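So that you can see what the record holds, here are the features copied from Swiss-Prot:
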- Gly10, Ala11, Gly12, Lys13, Gly14, Thr15, Arg127, Gly199: ATP binding site (BINDING)
- 30-59: region 'NMP' (REGION)
- Thr31, Arg36, Ala57, Leu58, Val59, Gly85, Phe86, Pro87, Arg88, Gln92, Arg160, Arg171: AMP binding site (BINDING)
- 126-163: region 'LID' (REGION)
- Cys130, Cys133, Cys150, Cys153: Zn(2+) binding site (BINDING)
Amino acid sequence: MNLILLGPPGAGKGTQAKLLIKRFQIPQISTGDILRAAVSEMTPMGVKAKGYMESGALVPDEVVVGIVRERLEKNDCLNGFILDGFPRTVAQADALKHMLVCMNMSIEHVVSMAVDKEELLQRITGRRTCRLCGKGYHVVFDPPRVSGRCDECLGELFQRDDDQEETMRKRLDVYEDQTAPLITYYENESLLRSIAGVGSIDDIQQRILSIIQGTHG
């Protein structure tokens, strides 16, 4: 099963991917993780990426695609994979398609998790993290027993810069500009299935499974 999960920041892609990994015993491939690993291992593409990163430049698509290919060639991807954070643009999607053809592989499912912008803002801006132990909370959905203090160590809770409303709105704007066109791209490829990314974690997981198992209407 070769799957792409699409959705804006805060849609819950990471949470759903973890459940799918456990169920299907396939790897979740995060471009951030594999980029760092390729640089650390000094793979051919990792060496190229290192040069761009050290100069402060964006790593070009052809290098990112090459690093994805290096990862997909590993044995743990033989039974499938979940792509997380890639592709981000139509150009990357096109490059991925042609790369997979060369590898005699293809994407089987593209699941788009739709969540209202205000819901996303509430999810993200409500996050709080303990400065001492790193435990996460949410002011609405998972509040601490004592406001502003960690249940475990009584450390101060803080809001990460990435979780502040202004930053989050900018991230959502970038998603709309760059990544949302992927929805049209994969619709044209007859691969896209959209689900509501709201409700319980189990409810959302069942919607994804119904697509994978061919029972989604």
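All positions are counted from 1 along the displayed chain.
Positions of Cβ are set from backbone N, Cα and C atoms, glycine also.
All features noted in Swiss-Prot, drawn onto the structure.
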residue	record	Cβ neighbours (10 Å)
Lys13	ATP binding site	21
Gly14	ATP binding site	12
Thr15	ATP binding site	11
Thr31	AMP binding site	20
Val59	AMP binding site	19
Cys133	Zn(2+) binding site	12
Cys150	Zn(2+) binding site	22
Cys153	Zn(2+) binding site	13
Arg160	AMP binding site	12
Gly199	ATP binding site	12
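Cα separation, Ala11 (ATP binding site) to Cys150 (Zn(2+) binding site), rounded: 25 Å.
Residue counts for the region 'LID' (126-163) by DSSP state, with H, G and I taken as helix and E and B as strand, are 3 helix, 13 strand, 22 coil. Within the same chain, residues 66-71, 84-86 sit at least 6 positions outside the region 'NMP' (30-59) and bring their C-beta atoms closer than 8 Å to a C-beta of that stretch. With respect to Gly199 (ATP binding site), the closest of these binding-site residues in Cα terms is Phe86, chosen from Thr31, Val59, Phe86, Cys133. The binding-site residues in question are Ala57, Cys130, and the one with the fewest Cβ neighbours inside 10 Å is Ala57. With the fewest other C-beta atoms within 10 Å around its C-beta, Gly12 stands out among the binding-site residues Gly10, Gly12. Ranking the binding-site residues Arg88, Arg127 by other CB atoms within 10 A of the CB puts Arg88 at the bottom.
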